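According to TrEMBL, the protein has these features:
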type: SIGNAL; residues: 1-23; note: signal peptide
type: DOMAIN; residues: 38-139; note: domain 'SRCR'
type: DISULFID; residues: CYS64-CYS128; note: disulfide bond
type: DISULFID; residues: CYS77-CYS138; note: disulfide bond
type: DISULFID; residues: CYS108-CYS118; note: disulfide bond
type: DOMAIN; residues: 168-279; note: domain 'SRCR'
type: DISULFID; residues: CYS244-CYS254; note: disulfide bond
type: DOMAIN; residues: 303-402; note: domain 'SRCR'
type: DISULFID; residues: CYS372-CYS382; note: disulfide bond
type: DOMAIN; residues: 412-521; note: domain 'SRCR'
type: DISULFID; residues: CYS488-CYS498; note: disulfide bond
Amino acid sequence: MSSPCSLLCRLATLLCVWALCQAQLDTKLPPGTPIIQLRLAGDKHKHYEGRVEVYYNGEWGTVCDDDFSIHAGNVVCRELGYVEAVSWSPSSKYGKGEGRIWLDNVHCSGLERTLAQCESNGFGVSDCKHSEDVGVVCSQRRIPGFKFISTLTNNVESLNVQVEDVRIRAISSQRKRVPMTEGYLEVKDGGKWRQICDLEWTEMNSRVICGMYGFPGEKRYNTKVYKLLAKRRKKNYWGFGVNCTGNEASLHGCKLGHKVELRGNATCEKGLPVVVNCVPGRAFAPSHAQGFSKAYRVEQPLVRLRGGANIGEGRVEVLKNGEWGTVCDDSWNLKAATVVCRELGFGSAKEALAGGKLGQGMGPVHMNEVKCSGFEKSLTECYFNRDALGCSHEEDAAVRCNVPAMDFQNRLRLSGGRNPFEGRVEVLAEKNGSLVWGTVCSDSWGTIEASVVCRQLGLGFANNAFQETWYWPGDMSADDVVMSGVRCSGTEMTLAQCLHHGKHLDCPRGGGRFAAGVSCSETAPDLVLNAQVVEHTTYLEDRPMYILQCANEEHCLSSSAATATSSSYRRLLRFSSQIHNNGLTDFRPRAAHHSWIWHECHRHYHSMEVFTHYDLLSLNGTKVAEGHKASFCLEDTQCEQGIEKRYECANFGQQGITVGCWDTYRHDIDCQWIDVTDVVPGDYIFQVVINPNYEVAESDYTNNIMKCRCRYDGHRIWMYNCYIVRHPGLAQGQTFHLDSSVIRTSDFRLLAQRS
């Protein structure tokens, strides 16, 4: 936690920056200072980053990276209205520019008002190539009171829009609507909110604005209402029009339109202030009958997001030939990311992420070097290089989308925690005709319910779910239980969307110290089973009962083993399992080291009593045999190149799986099997479920299930077509159909029976 001193220092720094910027804005440039304008261009991942381009002498050009520094970056960002630079990048990270290289060997102190005041070789004096074009990443924060000032007398249309803020201001009849989809568009410039004249306004402009606010589309509005209002309202117009092509992710990517002559009440005489009317995605559309009772569902089955901490973000995955795969980050940019976001019912992209930033996927990389115009209905319509090879899952692309403001975070809070990411869950509920804060009953409270709370509050993933919160003294006036019987599927956007008792509360233990609590985390592990290892290592073994006593004590045999004689044999379906952690955090057992359970017979500790379920299912989904595996040794068996092992079971060591490592349970250890002694010959489904009780939070539970087709003839076993069940519709308990008439001998992987 930050100390009061460090917080005061940060505040003082911001005040100094603000004061400096204000002073610079209020003073004229020294005589003889060249007149320039700046913009950020190129292949962007965020709208506040890009290649630095300078408009000088009627021509746009670039800046060479020689001698460039963070001080120069600060000057660039402040000139564009941002508080500061976060970083700068050499060697044309955002692509090679065109035309002149205007500045080289730039030296700035950081106090200059414009880049033109910094020392350099002089305009147009450079020995650089465009492979040395410099780029910057600015802070998202805008300078308070920043005023866009165009120093150009003509060609203003080549400049990007740079304003302090943008908003949609609803009229009184629309203000209680959630989400707010319609209203006047206003930009904040020079500390004042101003309207835009609609004479040159287009649907493409509205499309960009709606995308910024989390909406995938726009539509016409009722002009009569706004014409009546315009006569009564005082208007304060901005001095420029706006010209968007429609594929921009933000208004800051649009160009300026023509200058508007400001003539007081006579400004925009033949027009009105711009109004936008946006169309929400299906998950956010208001339903007058049911409110927001629907859980979040993606609208397009060909593309999905996985591994994201919050709504509207995740690793991009594409369905091709019945198999989900990822997208390589080569050429990945905001245009492609925006196509994904709109396709899934969100707005434009806030950020196009590269380098597996939201976790690595499994399976094939379906698309590489994706190039989108920004108007495609689906990412699958974009051009991509079908022949490009060499992409690994370390380069998986991801997105963060703009989502509508749904007011979710004002209906829920965490109270009493040591930091904003933990605490007792308190809900705003109606009681006796008024809204009051109260607690949630902890009966049946688990990780899935906690994950919905963390997502609703924008705090990421659930780290833990607590059924006692006496150590978090919340607001005593909120001790009473206002919500009980909560059961979530994990796809809900709010806790209120989960199944619960409604007004008929039932909570024997009551609230207070027994109220539900959570701790959240911005990152989480993600376990995925290697299906090929299972398929390649499966075999049958007939093993005598007298050497299976320890396994029997741990309930690893079928129920008929209880009456079996010591000289009888059990038929075991054996296999190895290799479990990868593809998330962003190490996978650790939920139980603390001191509370692990000792098993005398096998002489080892169990850090998780049930780590995996093994099931043999009939073709209609009925369970015919089962097994389970406790995590007696959860460790890093192997890791990817460059990653060090952190967990080793020897000498009662710490257990876990490091990010980028995998744990292998070999086929020849106890309980790594299903007892199929009582199974009759036939066609079956073999299923493995990791972390089946959701004891440990993960970023993606939908990839925790593996299924194989299986044929048993009473003597031999064939295991084939093993794959990760990546679709919620094929989750545990769902029917899996197999047409035995289409099985070919060539499909089988026959593994010899071992006895």
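Backbone N, Cα and C define each Cβ position, glycine as well.
What you see is a predicted model, and the numbers here were worked out from it, not measured in a lab.
Across the fold, the C-alpha of CYS244 (disulfide bond) and the C-alpha of CYS118 (disulfide bond) stand 32 Å from each other. Counting Cβ atoms from all protein chains shown, CYS77 (disulfide bond) has 26 others lying within 10 Å of its own Cβ. Closest to CYS382 (disulfide bond) in space, going by CA atoms and restricting to the disulfide-bonded residues CYS64, CYS138, CYS488, is CYS138.
Scored on C-beta pairs under 8 angstroms, the neighbour of the domain 'SRCR' (38-139) with the top count among 168-279, 303-402, 412-521 is 303-402. Ranking the disulfide-bonded residues CYS64, CYS254, CYS488 by how many other Cβ atoms lie within 10 angstroms of each Cβ puts CYS254 at the bottom. Neighbour counts of Cβ atoms within 10 Å were compared for the disulfide-bonded residues CYS118, CYS138, CYS498, and the top value is held by CYS138.
Within the same chain, the residues at least 6 positions away from CYS372 (disulfide bond) whose Cβ sits under 8 Å from its Cβ are LYS335, ALA336, THR338, VAL339, LEU379, CYS382, TYR383, listed in sequence order. Of the disulfide-bonded residues CYS128, CYS244, CYS382, CYS244 has the largest number of other Cβ atoms within 10 Å of its own Cβ. Of all the disulfide-bonded residues in the list CYS64, CYS128, CYS254, CYS488, CYS498, the shortest Cα-Cα distance to CYS118 (disulfide bond) is found for CYS64. Cα separation, CYS138 (disulfide bond) to CYS108 (disulfide bond), rounded: 16 Å.
Looking just at the domain 'SRCR' (38-139), the mean pLDDT is 92. Note: the CA-CA distance between CYS77 (disulfide bond) and CYS64 (disulfide bond) rounds to 17 Å. Of all the Cβ atoms in the protein chains shown, 21 others lie within 10 Å of the Cβ of CYS108 (disulfide bond). Checked against CYS488 (disulfide bond) by C-alpha proximity, the disulfide-bonded residues CYS64, CYS108, CYS128, CYS254 yield CYS254 as the nearest.
When the Cα atoms are compared, CYS108 (disulfide bond) and CYS254 (disulfide bond) turn out to be 29 Å apart. For CYS254 (disulfide bond) paired with CYS64 (disulfide bond), the C-alpha to C-alpha distance reads 25 Å.
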